[in-house]
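*Asks:* Dumping the structure here so I can ask a few things about it.
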Amino acid sequence: MAGLKLQAVTKSWDGKTQVIKPLTLDVADGEFIVMVGPSGCGKSTLLRMVAGLERVTEGDIWINDQRVTEMEPKDRGIAMVFQNYALYPHMSVEENMAWGLKIRGMGKQQIAERVKEAARILELDGLLKRRPRELSGGQRQRVAMGRAIVRDPAVFLFDEPLSNLDAKLRVQMRLELQQLHRRLKTTSLYVTHDQVEAMTLAQRVMVMNGGVAEQIGTPVEVYEKPASLFVASFIGSPAMNLLTGRVNNEGTHFELDGGIELPLNGGYRQYAGRKMTLGIRPEHIVLSSQAEGGVPLVMDTLEILGADNLAHGRWGEQKLVVRLAHQERPTAGSTLWLHLAENQLHLFDGETGQRV
């Protein structure tokens, strides 16, 4: 096992525009880090740089305290699992898992032992003689992971490995990946555009946008204290409500562009008069009453999800989503009186988009 360090790493295709801005990341020995972000944010490019498949423009990459920036991929001590399984169709499961070790010149006995152990871990024991065409999608992905495991790498690199699986199988494979990491404790860097994968698998999440690491933290930290408007809007389903307005002159209320005033939990006097964006998650808005000082919202539509419901409405031109209990099913056009939990409000600078 080994740690991984990226030190002010950048990437430019033309020598002018940086698609990866200077990025530093320390991954502890045995840690599971997930890079998440929209398509084109640079997460797969960064993973390929760690793998040695893309050249680093500036900066350094270290694995197990060894600088590997210019080192060939085969010499870095990494194993990669891709979105496409990349299995040899004419080989059996056993042969696919053993092939990489065979071309490296490892002895037959040692290869057999490693394949047997990986097959046991991944519950592939009874499938070793089958061809890929005889396997399900989940089984093929386990074979791809087994091929990586037998190499006993310093670092696992996962490039959206579950993207080709259906929704039910993705849930199963997420659980299997969690169990696999708990057992192997190998340093892992995982790329996905799926925030559910990121939040369920990661010990720490790196949220990327436009080649920049917007925030690095535990799933709880990223969810509860988003560092920027982008993180607030990207993490969470449904997304955080983001309302534009200004802090009043006394710093006690947030005045929405539509004229509604929302109470603030003190400490915002230094932002008095400034344009800001206020964020609150749908589950932190609760039903209240006019007598209790609730803020009215005329409901447009209701999404019935089973375990709970989502009420959609507007304050002026600004959309608001409220998560309601299963038994709460107001009709369209009805007025909801709402209370926003003041200790769950998030304020973001109107110019920079950064959390204040």
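Each Cβ is built from the backbone N, Cα and C atoms, and glycine gets one as well.
The ATP binding site feature in Swiss-Prot is assigned to G37, P38, S39, G40, C41, G42, K43, S44; the stated evidence is sequence analysis. Per Swiss-Prot, the feature domain 'ABC transporter' maps to 4-235.
Would you situate these features in the structure and describe their surroundings?
*Replies:* A 10 Å cutoff on Cβ-Cβ distances gives C41 (ATP binding site) a total of 24 other Cβ atoms nearby, all chains included.
The average per-residue pLDDT of the prediction over the domain 'ABC transporter' (4-235) is 95, rounded to a whole number.
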*Asks:* Under 8 Å Cβ to Cβ from S39 (ATP binding site), same chain, six or more residues apart: give me those in sequence order, or none if nothing qualifies.
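*Replies:* Those within reach of S39 (ATP binding site), by Cβ under 8 Å and sequence separation of 6 or more, are H193.
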*Asks:* If the ATP site is taken as the center of the Cβ atoms of G37, P38, S39, G40, C41, G42, K43, S44, which further residues of that chain fall within 8 Å of it by their Cβ?
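*Replies:* Other same-chain residues near the ATP site: H193, M208, N209.
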